[in-house]
Amino acid sequence: MITSLTHTHHTQKKQTNMGGESSMGALVPSVNSEATTSKMQPPTEELDKDILCPICMQIIKDAFLTSCGHSFCYLCITTHLRNKNDCPCCSHYLTNNHIFPNFLLNKLLERTYARQAAKNASPYEHLRQALQQGCEVSVKELDGLLTLLAEKKRKMEQEEAERNMRILLDFLCCLRKQKLDELNEIQTDLQYIKEDINAVERQRIELCRAKDRCSLKLRMFADDPNSQFVTQSGTVASKKKWAQAQFNDLQECYLQKRRNWVRQAYKEEEKDTDIMNREGYNQGLEDFQSVLTNFTRYSRLRAVAELRHGDLFHSANIVSSIEFDRDDELFATAGVSRRIKIFEFSSVMNEPADVHCPVVEMSTRSKLSCLSWNKYTKNHIASSDYEGIVTVWDVTTRQSIMEYEEHEKRAWSVDFSRTEPSMLVSGSDDCKVKIWCTQQEASVLNIDMKANICSVKYNPGSSIHVAVCLCGIC
């Protein structure tokens, strides 16, 4: 203890000789011997506060002491003294001649850093530092240490291998469950298909027998018995080819209808005899047969009438919307021509192609994007245009009865509700879906979709459900 105090006094005396002024008051309270440090460790919060530079509030680097007893970073205090000649803490007169290196504080900071690093260091760092510092270890101790490390390594490798095996096992179990579910679904589908094949075969045999009976009665009237067969064979081959081209879609449709029918049958807890329309012929199979029959009934489209909207000055007159009224007697067209044209369907079908004229024509201020007939009021039709205006027209008077101008950008779509004739919905490039009522001048509801809107449509059976198609998202 005496040796330590003597050494401290010597250091303080040396610093007094260097600066010409005593710094005992600033340094003595901060210096402790090794024994004192071990018995009375200063709190971490106080130590951290003491080692912060009052200027930059960071840990002091290259500590310098002022004549008034305060310590700063060398860079901080010299920068301050270029502008002012006072101490940042006590405003005591201060120049560059009144600051001195604080070697003792620097040593204290180094020890603090070392203690903190040792406190936070891992066991590996402790061992490495001990060996690098020349710690005396015997060969026997090294052998024991190596054996311990080898055991530790082997244990960690085994634990890592066990974790990997557990992950692999979980993955394989999940994969097995997924594949078993798929297998069960496939087996169930195969059972459905087997039942339906048997049902269709029985029905086909019955139809063939009925056809043969009819053929015997009609054979006496046929000049060439094979002509009808050849024509029918060609038709069947064409339908088979058309069905094979869309096999994936038809397969999905069949399985979906079959599964839905089975789920519905189980839910209603009906008996097999109750859910069959005829022997072995279930509702799901009948639904799909109807879809397949309608799908293969038509093989091509044939134009029966044509309307030409172009003129001498606008040869490319784009028609962006075409809509039938509630009775399918009238249909309206609209597009970039800024005109809504109403045609009578029967006249278009029966009159020559060069005399198709609209029965009603209405002019608009902007290019049109969409039309929608009112599902109850026959003479009302709504339009949306490139200026974002939604207009409700009276076809009889050829005048607009309501105009809504709340959309800030182009309105792409408009649709009347089927269940609530006074309600309509519109969508626009301003990312807004707006619900309107023909009995109000402002929108009833405004929905921000955060993306440009391409199309909107009311649910045919509900006025509270609306489908919205965004750019890239439906």
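Using N, Cα and C of the backbone, Cβ positions are placed for all residues, glycine too.
According to TrEMBL, the feature coiled coil maps to 139-203. Along the coiled coil (139-203), the predicted structure has mean pLDDT 92.
What TrEMBL lists as compositional bias 'Polar residues' is 30-41.
Under the heading domain 'RING-type', TrEMBL lists 53-91.
What TrEMBL records for 1-43 is region 'Disordered'.
Here TrEMBL flags 404-436 as repeat 'WD'. Sequence-distant contacts of the repeat 'WD' (404-436), counting only residues of its own chain at least 6 positions beyond either end whose CB sits under 8 Å from a CB of the stretch, comprise 369-377, 380, 382-392, 442-458, 460-463, 466, 468-469.
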Counts of helix, strand and coil residues, the repeat 'WD' (404-436), according to DSSP: 0 helix, 18 strand, 15 coil
